[in-house]
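One structure is given here, and the rest of the page talks about it.
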Amino acid sequence: MNPHPDLLEREPAILVLEDGRAFCGDAYGAVGETVGEAVFSTGMTGYQETLTDPSYHRQVVVMTAPHVGNTGVNDEDPESRRIWVAGYVVRDPAVRPSSWRSQRTLEDELAAQGVVGISGIDTRALTRHLRERGAMRVGVFSGAAAREPQEQLLERVRTAPQMSGAALAGEVTTTEPYVVPAVGEKRFTVAALDLGIKAMTPALMAQQGIEVHVLPATATFEQVTALSPDGVFFSNGPGDPASAEHEVTLLRQVLDARIPFFGICFGNQLLGRALGFGTYKLKYGHRGINQPVIDRSTGKVEVTAHNHGFAVDAPLDGAVTAPGNPAYGRVQVSHVCLNDDVVEGLECLDLPAYSVQYHPEAAAGPHDAGYLFDRFVSLMTANKEGRA
Ligand SMILES: NC(=O)CC[C@H](N)C(=O)O
């Protein structure tokens, strides 16, 4: 038997932020180097879902939860086919996983998938720094790279691509369409554009009797209508919504055709753009599983899962005519984050279309927002019956 990893001397590693601040730690996962956008997640659970969420593509995730890896890794919880984070920053890795569902250790999984990480970092201090200075590029270096002069490492961080302006859906989407069959009797057909979709989303739709046709991000309006869908869905996904031109054009065609539409996260930002609103980069984003959001139609507060670095710029007070096209009628902000008043949902009053910035699929996270899938079913039902 190999000696336990913590009995081995870990290789030194260094984390270098774009503004020059550096943190020393130990190599964790794959040894090597990686650069990306430094973001922090406050989720205490669900690291497997976080790591495999395609929206984290090109991001180095800093975990504020101090102890990571406790429940190991299994083959049931991934949200996609691989780990997407560009790097992983933790304070104190679990010495050994303890869960009846665990099949491997987290560190072995990170190493097997080539994900460079760093442990032994004061992730609270790093998070406070990111909150003060904002999300920025970062590099994690271990092995030979960690021995290079820090100025050279900093140079590599400063020349890495920025998240602003990045069009990344094409790098994470499925290459071929596939179908997630309805559970039980099939009631609806939905075309779901995969911009970085999480597995739980079609799974929850399927439970509502929806047959979900997941399409590549490059799908055309003709490919969508060929399915005669009862509804169209746009998923979450990485990158800057301001760079998603094809998707916005497609969504405008969907709205013009009055096909019921539901969008999550990136899908919400794209609905915002299709209606004529702008989007902007948040200082450090929302990532975690306990973010309070108010549903303005009911006044109810939901505790929700978030993962977004951009947001829609829309007026919070009441309905307005869609600024991009008056033919779309009135639109209002349906949900707002109680921490910072960021737009968390949009609702069209004269079109069958709505979206949320957060994650009703809650993988991981609380299930408070599950009703949003029921709303999609109601919208499609009303549209079928000519009431929408
Ligand atoms: N989870 C998502 O869909 C994220 C959307 C977008 N990439 C953002 O960071 O805001």
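From the backbone N, Cα and C atoms, a Cβ is placed for every residue, glycine too.
What you see is a predicted model, and the numbers here were worked out from it, not measured in a lab.
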Residue among SER55, SER80 sharing the L-glutamine site, where TrEMBL lists GLY237, GLY239, PHE266, GLN269, ASN307, GLY309, PHE310 as binders: SER55
Reported mean pLDDT - the region 'CPSase' (1-186): 95
Cα-Cα distance, maximum over SER55, GLY237, GLY239, PHE266, GLN269, ASN307, GLY309, PHE310, record's L-glutamine binders, Å: 13
Secondary structure at GLU361 (active site), reduced by DSSP to three states: coil
For the domain 'Carbamoyl-phosphate synthase small subunit N-terminal' (11-141), the number of residues DSSP places in helix, strand and coil: 26 helix, 50 strand, 55 coil
Neighbourhood of GLY239 (L-glutamine binding site) by C-beta distance under 8 A, where only residues 6 or more apart in the same chain count: HIS57, ARG58, MET163, ALA166, ALA167, LEU168, ALA169, PHE266
Binding-site residues (GLY237, GLY309), the one with most neighbouring Cβ atoms at 10 Å: GLY237
